[in-house]
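Chemist: For 52-536, the entry in TrEMBL reads domain 'K+ potassium transporter integral membrane'. Annotation source TrEMBL lists domain 'K+ potassium transporter C-terminal' at 552-791. The feature transmembrane segment is assigned by TrEMBL to 52-72, 92-112, 215-234, 246-266, 292-311, 323-343, 363-383, 415-435, 441-467, 474-495, 501-521.
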Amino acid sequence: MALETDQQDPARGAKGVGGILQRHDSLYGDAEKVSSAQHHGSQDNWIRTLRLAFQCIGIIYGDIGTSPLYVYASTFTSGISNVDDLYGVLSLILYSIILLPMIKYVFIVLYANDNGEGGTFALYSLISRYAKVSLIPNQQAEDATISSYGLDTISAPMRRAQWMKKSLESSKVAKVTIFLLAILGTSMVISDGALTPAISVLSAVSGLQQKAPQLNQGQIVLISVAILVVLFSVQRFGTDKVGYSFAPIILLWFLCIGGIGFYNLIKYDVGVLRAFYPKYIIDYFKRNGKDAWVSLGGILLCFTGTEAMFADLGHFNIRAVQISFSFVLFPAVSLAYIGQAAFLRKHPEHVLDTFYRSIPGPLFWPTFIIAVSAAIIASQAMISGTFSIIQQSQTLGCFPRVKVLHTSKLYEGQVYIPEVNFVLGLICVIITVAFQTTTDIGHAYGICVTSVMIITTILLVIVMLLIWRMSIWLIIPFCLVYGFIELVYLSSVLYKFIEGGYLPIVIATVLVIIMAVWHYVHVKKYWYEMEHIVTNEAAKQLIQTHNVKRISGVGLLYTELVQGIPPIFHHFIEKIPFVHSVLMFVSIKHLPIPHVEVSERFLFRNVESKTSRMFRCVARYGYSDKQEDTKEFAASLVEGLQSYIEEGHFITDMQVQETEAQTTSIADSNARPRKAGSSTVYIEEALTASETAGLTQPRISSYSAHSSGRISEEQSRTIAEEKQFIQRELQKGVVYILGETEIKAGPGSSFVKKVVVNYMYTFLRKNFRQGEKAFAIPRQQVLKVGMVYEI
């Protein structure tokens with residue numbers, strides 16, 4: 001039996017009626033079932049959307065909005081040999097912004113979000129819900145019911161989706177490849193988070209040399225480092241406060257660069273508007289050949305920070321990003337680039353400091369102050385995105401445990417990670433001091449941007465085939481157009497590999513190794529526990545053999561398994577033959593969705609018998625959900641357990657009737673409307689092996705809790721006594737039992753596996769947060785049980 005205390009959608013209940021169904025560990029299956037309640041951005045009114053649109057100006061557009069500071073200087077590193085080249089470069093800039101940030105990301109990629117969450121890992125988790133590509137074996141056929149997309153009609157796109165699903169699920173290579181793409185994209189975004197502050201702040205502060213030529217480059221670097229230290233120090237106040245304080249500055253910046261650009265356009269050369277004619281791109285490549293191709297490494301800096309729009313989506317919503325991009329960012333930066341091109345038509349010798357040279361004299365200092373402020377804010381986009389994706393990857397078992405702080409009560413997606421903030425800030429300072437100029441940093445920057453874009457394109461194509469089920473005649477042009485553009489840009493920046501391009505490769509490689517090692521051992525550990533599960537019958541014999549005594553209080557034994565009892569319990573009983581009066585095996589399970597309703601948080605099962613007061617519980621969270629503190633968690637857990645006991649006693653008398661009723665009217669029982677606020681009890685009767693042949697889904701029936709009036713007076717008294725007993729034990733104290741497992745490579749393991757498991761994983765485990773810190777459990781309430789796993 002299982003208790004699920006959320007209002008269910010009747011349509012979903014009827015959806016699974018059509019077929020013949022199979023039996024399995026129902027807690028395992030139910031752990032994947034959640035409501036299809038809409039979350040982030042699904043019911044936003046226009047006032048909130050406009051408020052978010054204003055706020056996101058200060059969070060996600062600082063990077064792409066400050067690119068006019070250095071794009072032309074990074075493109076024409078050797079000066080302008082032919083002023084007509086400005087038409088080709090301006091045309092490349094304008095169409096790159098239109099095709100990549102605007103069309104691809106703002107109006108396509110943002111819709112591939114995972115219930116409001118964006119980023120590389122959100123794409124990975126979205127795909128893993130529709131196809132079993134996760135390397136952790138904790139999925140069931142019910143995963144598909146989580147999705148809001150349905151397979152309603154037979155069509156060619158549907159058949160392609162089915163083929164894609166089978167291909168991904170049957171290929172270990174495909175699973176590993178998708179996982180590696182996800183962690184590589186994540187690593188590149190984190191690398192970008194270290195490079196963005198360095199190049200943005202350094203380029204802005206260098207403007208001081210226009211009015212104070214006595215300042216040398218070393219002094220400019222020191223000023224930049226001081227600004228960066230302050231920037232990373234204020235991250236602890238949270239995205240919400242930072243966003244509202246930064247948004248007015250960035251908005252003023254956009255008005256400033258747009259106005260100056262329009263002024264320069266009118267004053268110097270209106271004729272640069274002919275750059276909207278793409279023929280000038282062809283002429284530029286004909287005239288310059290290889291040099292034009294190499295210059296793409298500078299041009300692509302005009303759309304750096306694009307990935308932040310997707311990674312930071314959990315902080316905002318799609319409509320807010322679309323409004324702010326289309327009506328604020330795009331007009332402002334377009335005018336800025338157009339105005340600078342007009343200025344350079346008359347003054348090509350000033351290409352290396354175009355931005356500050358093109359500012360009208362009286363506006364220099366106000367613009368400089370705004371530019372420095374905007375450059376400081378530019379790094380906020382990637383810092384916020386880094387926090388979001390690391391939180392997602394951690395909950396999906398792909399990153400070591402770190403402390404995640406939720407900084408806003410209004411918006412759940414806004415988080416701060418102290419350890420990551422410190423390391424990111426340290427790397428950023430080192431990069432600034434080591435490189436000292438924006439030229440080499442720009443080479444490194446470009447590799448991050450193009451790599452993430454290519455990975456996003458690959459994963460998006462899988463989403464198009466598997467989930468959106470789009471026509472192949474739309475997918476092929478998308479792949480050809482964007483694949484060609486992004487590969488050309490990537491080839492250009494790789495040409496500058498030894499001139500700084502190696503930096504993000506080094507950073508990403510370190511991160512990929514950390515994430516891959518952690519996830520590899522995490523998967524192996526899960527398999528080990530599955531292979532050594534203690535069954536209910538074995539637990540009963542174990543308790544009888546060791547004459548186990550009960551002690552007062554509530555014991556919560558944590559395990560990652562959602563089915564069976566972990567092997568640590570057997571070891572625990574052998575060493576200490578005492579268990580608490582109420583013992584629960586608690587599994588904290590993060591589903592591949594952003595959120596799980598609080599009312600659906602807990603699922604329970606009895607262990608051994610109803611009188612043993614030993615239970616299994618799955619506490620389900622989305623990867624963006626905030627976990628409660630220990631006191632609140634224990635109280636909610638016991639409250640859910642009391643409800644489960646009440647429902648369990650009620651079902652005892654109904655099982656026989658229900659089994660008979662299911663054989664004749666399963667459809668009626670499943671489709672019965674449920675009242676709001678009612679709880680649902682699932683019954684799954686045991687069938688023989690012959691009866692389960694050919695089945696595909698669990699047979700489920702439901703009863704409204706309002707039917708509990710048929711419970712006898714004796715049963716009601718027993719239920720009340722059980723609930724009071726549990727409440728008394730809770731008041732006597734809660735002890736959290738954690739497995740202190742030491743993971744070692746098993747006998748006969750290869751040399752590489754021994755290095756990975758015995759040294760690399762052990763190092764990570766010792767230097768990141770331990771279980772009690774990750775769960776914020778008071779040390780005086782922790783009981784650790786040591787055990788060695790040989791995997």
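Placed from the backbone N, Cα and C atoms, the Cβ positions cover glycine too.
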Chemist: Any residues 6+ beyond the ends of the transmembrane segment (474-495) with a Cβ under 8 Å from its own?
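Modeler: Here the qualifying positions are 96, 99-100, 104, 293-297, 300, 443, 446-447, 450-451, 453-454, 457, 461, 464-465, 501.
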Chemist: State the non-local partners of the transmembrane segment (92-112) in its own chain: residues 6+ outside its ends, Cβ under 8 Å from one of its Cβ atoms.
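Modeler: For the transmembrane segment (92-112), the list is 64, 71, 118, 123, 126, 275-276, 278, 281, 284, 296, 299-300, 302-303, 306-307, 309-310, 313, 318, 321-322, 325-326, 330, 333-334, 337-338, 453, 456, 460, 463, 468, 481-482, 485-486.
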Chemist: Give me the mean pLDDT over the domain 'K+ potassium transporter C-terminal' (552-791), rounded to a whole number.
Modeler: 71
Chemist: Quick test of the contact rule: Cβ under 8 Å, at least six residues beyond the ends. What residues does that give for the transmembrane segment (501-521)?
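Modeler: Here the qualifying positions are 135, 179-180, 183-184, 186-188, 190-192, 194-195, 393, 397-400, 427, 431, 443-448, 451, 493-494, 743, 756-757, 760-761, 764, 791.
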